[in-house]
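Encoded as structure tokens, the structure appears first; notes follow it.
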Amino acid sequence: MNGTTTETRNRTGSDELVFFVNGKKVVEQNPDPEMTLLTFLRRKLGLTGTKLGCAEGGCGACTVMLSRYQPHSQRLLHYSVNACLAPLCSLHLVAVTTVEGIGSVARKLHPVQERIAKAHGSQCGFCTPGIVMSMYALLRNNPTPKMADVEEAFQGNLCRCTGYRPILEGYKTFTVEGGCCRGRGKDGCCLTNEKAALQSSKDANEEAPSLYNTADFEPYDPTQEVIFPPELMNLSKSNRSTRSLRFHGDRTTWLQPESLEEFLLLKWKHPDARVVVGNTEVGIEGKFKNLVYPVILAPGFIPELNAVNQTEDGIVFGAACTLSHMGEVLKEAVRSLPPHQTEVFKAVLEQLQWFAGQQIRNVAAVGGNIMTASPISDLNPVFMAAGCKLTLMDKDGSREVQMDDGFFTGYRKTAVRPQEILLSVHIPYSKKCQFVSAFKQSPRREDDISIVTAAMSVTFSPGSDIVKDLRLSFGGMAPVTVLAKKTANRLLDRQWGEELLQDACCSLAEEMRLDPSAPGGMAAYRQTLTLSLFYKFYLTVLQKLRLQGVGVQEVSSDCLSATEVYHPETPSSVQVYQAVPEGQSQEDVVGRPIMHLSALKQATGEAVYCDDIPLFENELYLALITSTKAHARILSVDTSAAKRCPGVVSFLFASDIPGSNITGLGHDETVFADSEVTCVGHIIGAVVADTQVHAQRAAKAVKIQYEELKPVVTIQEAIATQSFYETIRTLQSGDLETGFKQADHILEGEIHIGGQEHFYLETHVTLAVPRGEDGEMELFASTQAPSDTQSHVAKALGVPENRVLVRVKRLGGGFGGKESRNSLLATAVALAANKLKRPVRCMLDRDEDMLITGGRHPFYGKYKVGFLQSGKVVALDVDLYSNAGNSMDLSLAVMERALFHVENSYCIPNFRCQGFLCRTNLPSNTAFRGFGGPQGMMVAENWITDVAHTLGRSADEVRRLNLYRKGDVTPYNHVLDALTLDRCWDECLSRSEYEKKRAAADRFNRENRWTKRGLAMVPTKFGISFIATFLNQAGALVHIYKDGSVLLTHGGTEMGQGLHTKMIQVASRVLGIPSSKIFISETSTNTVPNTSPTAASSSSDLNGAAVQIACETLLKRLKRYKTKDPEGSWEDWVEAAYFDRVNLSANGFYRTPDLNYDFDTNTGRVFNYFSYGVACSEVEIDCLTGSHKNLSTTIVMDVGHSLNPAIDIGQVEGGFMQGLGLFTLEELHYSPSGVLLTRGPGSYKIPGFGDIPSHLTVSLLRDSPNDKAIFSSKAVGEPPLFLASSVFYAIKDAIRAARAESGITGAFRLDSPASAERIRTACCDQFTKLCPPAEPGTFSPWSVRV
């Protein structure tokens, strides 16, 4: 290393690391090469606004902005990055800006923070700081962005709560479009949608125009931004900025060479060293594959590796050029060069558009993408098809190699020798007669890994259609990126026509054969894609040849859509709600769209989540030891290697539990597995160490020997082996036999509905603090059910429940996943704290959380339906099977709700449904928004669609015919006396312009062979109450202090749904005081005992009524003082009551009346009331790839008299988007042996910003008071989720049109989710026939449908 560096080198041989955080200088003497920026910010600096969501750069919760001065260009570079992947050691002379650094509630908000909050774009708030920083980084580079820039900036950010629409609308105000929808809305501005609201209302003066007022926003002044630290500028300009650096850690040494020469010498000396620029690959390998690299070389700042040079025949990019920089250079080249020269560049840009998220593209290097040698790389097929040249170098010289079929030598291997480095990649100009296209097919369009990527290049003899050169390159079809050389060679010197197409498809089907057991699965689909993508290329080239005047066959107009390149449309939206009555006091905030009370704190990073609580002085960290087998006996547990790991303090196993090891709602689980494990992820024990890293390393070092037993993994395996839990529920009404005799037609069908991961952005987390006497234990937990957590912990500790205090400030999302499963973690953490008498913390990593905690129950429904020629259904017999997993948990209640919803909104006179709970060796599935209702209703929509297809009728016509009417009786004998379904249906029909869209879609389908549109209108009827009657109770505690301020506590937890905000609105109205005087601190078991979980959509109803009762009690006590001093203030009355020794504290208790259902006799009332809604969705599918676009959705939702329209519309949109994921995108993959293969955002895809319907209208039904709940409101959390099935059935409608092109009619099976694979496979055509799937049973599949 260069001798000039020794001035700052310390005794360990490390240099000083100097960087700035929020303008403050940080000098780190011994930086750990394995530490990320995120860990440093949160644990060393206490800056907890930046969140950990996934640790793999897939969710954006950890987004920060880095700023660097570039001496060679003499300009500042600002860019967003994922702090969870950014190595601390890479930050020398960098300025880091976190969400705390741009504004705060206490100081001053930045407009980026203010607008997301006031536009109602923050619900649970855990993702908010990351989204704020993505937008902030964009504005620092471009103060007046276009809306497309905003959408691109958010490609790497996820949100599970909001549905994204309010975030985009809030930030639209920064753009050049200025929030105007440019006429795409209903003749009005997208942001205020005032005219749209007026137009669509018969009584316009009562319909509110907007959820917020943009005039309230602080103006954005880019000149007022924080300056780059002057000291850092001086350091960057000095020679210190380019010198060599060395950092030593316990296991890794980080070497940052200052010159190419030094880098080559280091690579010669350390040939096995990993070269790191962006750390987007190595960071993930270290975290998830447990790989340790003794030496890391970081050459990111060597000038030659960052150089970009234009040559006579192309552009040469240094290997360390980031993908963002490469994209900018290529865009400029496309703008300035003749079109015929930029075919390759445009193909690269097409792939870059969908390559990861902005945060990854900002740091990932083009050389890293090549050298990683991923078989599903987006860019390598383009480089290969274009014949890019690579310059390789070692200390003795350089050589040039072409990226061809010899470059990738095996899985993740290249022809580059160990001591060589990749210096640069040469991307050539295209020739006049050359055409290049690139394709990527992935489950989600934005920020997703590919299923298949392809790049194709063809060169013709000048002025002809004779093929002179053809390269067809594919990713995802082998362990390496491959060239289809046999096919290409067969097509040389031939005319580009129909005959060539036929031969090419037959040849590709043969050459691109895939083993049905191949990793990634979907073998037939992947093979079909190679043909479909070539066909798209074929048509595209035909068009281009014609444009050049070559006499080739014209592409028929109905095939033109197959050549279109996808361009996202900026979404527009309308929200409609009923204004508060004229004359309502301004201080009465009930019914007004007030902002979530924590939104501003969430947007600044000041909102405290469980893991944000500062570390206690002697705190320890816990990591779980979990099973790697689905079903096995434990033979031995060896902790000897783990004990030798640094920082280890203790281990916990079943023998360490002072109380009971039995846990779970069904008392059929253990805290720690004792002798047998029944799923992968089953908790066997725990390690406690001084840090998270040490605890996790030690947990992985524990060796367990098993005797494997045969697992039951899928529903079908459970049916075959009769592996069921004992309770089988049956619901029956009418006379089934008579009903089927009356029917003109009887059909049978089935559908499988896949499970779903909750993907709350904040994973499970608990901090336990022993209080030192009488067995007291205080827990800070992210739980929806504090009382259940208290009960399970007390039982395991062997103490009464009054010794355990559970406190919940807020949750970073819950969705049911933290209703019962938090106890798994909380109990283990509490046991460790009790044993060691020290505070213990654990926050699960995303992969652990997904592995251990279960999700939505997969369902399988078999049905037999009898119906008349008119479409009227007269008899229905359904068997439902759910995959419960390895314990009962809430599975019986989930199945009961499914039974109560399996007729959805349709009146069926003769009905029977049986529910079976499959006992399998998967982690126990649990509550999830909708709680079995969506699965039951999905079966209903499937059979009603089958009925329509069998009759050749419109499914929506058959739905309307069978809808419940007022006074009808459900199969569980509930008389529907307050039905608003018909009103919701008619309003949705009108607002969506259904008839007009149907006619337009039919016309579109006649005119397009390979793109089809579909529509569907779907109703929902969702029962509100806990099915377990005893849970329908709630308590509240209200204190009025001497100064007139009010402290409110109730039994519900705040997880983003705005419950605390609504409770303050209720208290404000009842007490008649401004909401600013009322405060909710937290939910805790020592203020309101025996609380029901915050679940079942009932929390506002239950807790609101309890708050009302408590406040009314206090009002009665204050009445005499108000009467005595009518002109006095609230503070005067409170003071008078205090001096008169009046109790200014009251509790309220509420139980829902008249709930007494009995399953055995099918009598009594199961639900308090129903929430109704209808959605109409339109989609467009690409029949060749299976991709789909969500064109429009109109939702009409009955929420009674909304307590808060902004929160309720947010719940409708958020629930809809979560349902969109369930029914069209999210897919859990399990191996045949029960191992979860999708354990993070890299492999499990929830909807992103780009999945919002292009046109989204949400209308809250007006004039529909509900006398069964607080202030005539209705529940809103779960009911809207199922309306996303309208997208699924619109897809099915489009597939039906595609099948008709192949002469296939009638009912067909489409399982959920409607993934690209299922859509493509269902669109049977000549390409699918060339790639038939392997027969089940003839191979071992990569994944199974559980």
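Positions of Cβ are set from backbone N, Cα and C atoms, glycine also.
Features reported for this protein in TrEMBL:
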type	residues	note
ACT_SITE	Glu1278	active site, proton acceptor
BINDING	Cys54, Cys59, Cys62, Cys84	[2Fe-2S] cluster 1 binding site
BINDING	Cys124, Cys127, Cys159, Cys161	[2Fe-2S] cluster 2 binding site
BINDING	Val275, Val276, Val277, Gly278, Asn279, Thr280, Glu281, Val282, Phe355, Asp378, Leu422, Lys440	FAD binding site
BINDING	Gln784, Phe815, Arg929, Ala1096	Mo-molybdopterin binding site
BINDING	Glu819, Arg897, Phe931	substrate binding site
DOMAIN	15-102	domain '2Fe-2S ferredoxin-type'
DOMAIN	247-432	domain 'FAD-binding PCMH-type'
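Distribution of TrEMBL features across the structure.
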| residue | record | Cβ contacts under 8 Å, 6 or more apart |
| --- | --- | --- |
| Cys59 | [2Fe-2S] cluster 1 binding site | Gly53, Cys127, Gly130, Asn157, Leu158, Leu761, Pro1241 |
| Cys62 | [2Fe-2S] cluster 1 binding site | Leu38, Thr50, Lys51, Leu52, Gly53, Asn82, Ala83, Cys84, Gly130 |
| Cys161 | [2Fe-2S] cluster 2 binding site | Gln123, Cys124, Cys127, Gly813, Gly1056, Gly1210, Gly1214 |
| Val275 | FAD binding site | Lys267, Ile296, Leu297, Ala298, Pro299, Gly368, Met371, Ile421 |
| Asn279 | FAD binding site | Leu85, Ala86, Pro87, Ser90, Val363 |
| Phe355 | FAD binding site | Leu323, Arg361, Asp378, Leu379 |
| Leu422 | FAD binding site | Ala319, Gly367, Ile370, Met371, Leu390, Thr391, Leu392, Val416 |
| Arg897 | substrate binding site | Phe931, Gly932, Gly933, Gly936, Gly1023, Ile1027 |
| Ala1096 | Mo-molybdopterin binding site | Phe931, Ile1024, Ser1025, Phe1026, Ile1027, Leu1031, Glu1278 |
Whole-number Å value of the largest CA-CA distance among Val275, Val276, Val277, Gly278, Asn279, Thr280, Glu281, Val282, Phe355, Asp378, Leu422, Lys440, listed as FAD-binding: 27
Position of peak Cβ density within 10 Å, selected from the recorded positions Glu819, Glu1278: Glu1278
For the domain '2Fe-2S ferredoxin-type' (15-102), mean pLDDT (0 to 100): 96
DSSP helix/strand/coil residue counts for the domain '2Fe-2S ferredoxin-type' (15-102): 15 helix, 31 strand, 42 coil
The one of Cys84, Cys124, Cys127, Cys159, Val277 whose CB sees the fewest other CB atoms within 10 Å, among these binding-site residues: Val277
Length of the line joining the Cα atoms of Glu819 (substrate binding site) and Arg929 (Mo-molybdopterin binding site), in Å: 11
Cβ-centroid neighbours of [2Fe-2S] cluster 1 site Cys54, Cys59, Cys62, Cys84, 8 Å, sequence order: Leu38, Lys51, Leu52, Gly53, Ala55, Glu56, Gly57, Gly58, Gly60, Ala61, Asn82, Ala83, Leu85, Gly130, Arg846, Pro1241
Cα-to-Cα gap, Cys54 ([2Fe-2S] cluster 1 binding site) vs Gln784 (Mo-molybdopterin binding site), nearest whole Å: 21
Shell list (substrate; ref centroid = CB of Glu819, Arg897, Phe931; cutoff 8 A): Gly816, Leu890, Ala893, Val894, Ala927, Phe928, Gly930, Gly932, Gly933, Ala1095, Ala1096
Cβ neighbour count within 10 Å of Cys54 ([2Fe-2S] cluster 1 binding site): 27
Residues flanking the [2Fe-2S] cluster 2 site, with Cβ no more than 8 Å from the Cβ centroid of Cys124, Cys127, Cys159, Cys161 and excluding those residues themselves: Ser122, Gln123, Gly125, Phe126, Thr128, Arg160, Thr162, Leu761, Gly812, Gly813, Gly1056
Non-site residues, in chain order, whose CB comes within 8 A of the mean position of the CB atoms of Gln784, Phe815, Arg929, Ala1096 at Mo-molybdopterin: Gly814, Gly816, Gly817, Glu819, Ala927, Phe928, Phe931, Pro1093, Thr1094, Ala1095, Ser1097, Gly1277, Glu1278
Sparsest-packed among the binding-site residues, when each Cβ's other Cβ atoms within 10 Å are tallied, from Glu281, Gln784, Phe815, Arg929: Glu281
Distance from Glu281 (FAD binding site) back to Arg929 (Mo-molybdopterin binding site), taken between C-alpha atoms, in Å: 34
Other CB atoms within 10 A, centred on Phe931 (substrate binding site): 28
Residue among binding-site residues Val277, Glu281, Gln784, Phe815 with Cα closest to the Cα of Cys159 ([2Fe-2S] cluster 2 binding site): Phe815
Separation of alpha carbons, Glu281 (FAD binding site) and Gln784 (Mo-molybdopterin binding site) (Å): 36
Cα-Cα distance linking Glu281 (FAD binding site) and Phe815 (Mo-molybdopterin binding site), given in Å to the nearest integer: 31
Annotated Mo-molybdopterin contacts Gln784, Phe815, Arg929, Ala1096, maximal Cα-Cα distance (Å, integer): 12
